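Taken straight from TrEMBL:
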- 42: L-glutamate binding site (BINDING)
- 102, 152, 177, 200, 242, 243: pyridoxal 5'-phosphate binding site (BINDING)
- 4-353: domain 'Aminotransferase class V' (DOMAIN)
- 201: N6-(pyridoxal phosphate)lysine (MOD_RES)
Ligand code: PLP
């Protein structure tokens, strides 16, 4: 067996230890005589797995007791509809901060359910920055303010936690799409009304969506919100109103235990800082490659970069693949390259990438 260095934006690399453990338990989980995929979601074995998974996530992110953790399906894109369906309540308007492709998509979807006010946008910069909170123009009475705190495609990450109390608007819940950086850095959950993300980057397999929602935001769903997407219903049924993505929850649980063994989120954040610094420092010192994001807002998880001579892109991709470095092609809307360096990518993988890039540049410059 030979594993590659996988820089996919998602689904993405998982810790090898987790994959080995899942493989070892595939046919017989803890002496139950069955694999997790075969278990009833209502049986005592799976109920225990789900409870442990939730408890570990709560511990890792220090989720306060008055927040509920929901295991849902449909991915972050479905949440773009599920959120307004649940949170508009008796308000008319929702505010959106647009910092790239994902928050752009989110605000477009929300328009089906509510009036949308674009409170701030970094479109004029080509989505290479995050507008400072002082520039956000909130509407008088929004149901919530939507943010995407790490834009996976543009490689733009908030350098601050959105805290509306600083604007004297602490009563307005902040919603954050954290799909591509959840668990990569320490956050203060109490600053948010709702945090959500698809699992397939830092958490586990695709098919699971995590929602962390403040309890007072439950029970506001529009009458036509599908029951399976009504946060109150999902919460009241312990995320088992319908059959949850059981195997994805189990693997997420293994990832959470792995993360705890690494020392938790603060410890992985220190590693993520070191990994990102290695790559960005190399890019900044190079006159062969470049990253175009405002240095203050560069993502630690997703690093888009360009070869200054775009004619070499195909050769870069072919040669990096031959060297065991895969999934480096940039998103089609941005072009160039992108290296996603999530929690499960070790420093050695980033070092291997930098070594390859240095060698490639020396040969082609
Ligand atoms: N939001 C962000 C920040 C993402 O990175 C992605 C997927 O890459 C999505 C939303 C869409 O997620 P999904 O495909 O799980 O619906």
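Note: Cβ is positioned from N, Cα and C throughout, glycine not excepted.
Automatic prediction, not curation, is the source of TrEMBL annotations.
Shown here: features listed in TrEMBL, placed on the structure.
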residue : record                              : Cβ neighbours (10 Å)
42      : L-glutamate binding site            : 9
102     : pyridoxal 5'-phosphate binding site : 21
152     : pyridoxal 5'-phosphate binding site : 26
177     : pyridoxal 5'-phosphate binding site : 28
200     : pyridoxal 5'-phosphate binding site : 24
201     : N6-(pyridoxal phosphate)lysine      : 30
242     : pyridoxal 5'-phosphate binding site : 14
243     : pyridoxal 5'-phosphate binding site : 10
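Note on proximity: among 152, 201, 243, the recorded positions of the record, the Cα nearest residue 42 (L-glutamate binding site) is that of 243. You'll find the Cα of residue 243 (pyridoxal 5'-phosphate binding site) roughly 22 Å from the Cα of residue 201 (N6-(pyridoxal phosphate)lysine). In this structure, the C-alpha atom of residue 102 (pyridoxal 5'-phosphate binding site) lies 15 angstrom from that of residue 201 (N6-(pyridoxal phosphate)lysine). A Cα-Cα distance of 10 Å separates the residue listed as 'N6-(pyridoxal phosphate)lysine' from residue 152 (pyridoxal 5'-phosphate binding site).
Taken together, the residues in the domain 'Aminotransferase class V' (4-353) have a mean pLDDT of 98 on the 0 to 100 scale. Checking the recorded positions 102, 152, 177, 201, 242, 243 against ligand 1, the ones whose Cβ sits under 6 Å from it are 102, 152, 177. For the binding site of pyridoxal 5'-phosphate, formed by 102, 152, 177, 200, 242, 243 according to the record, the largest Cα to Cα distance is 30 Å, rounded to a whole number.
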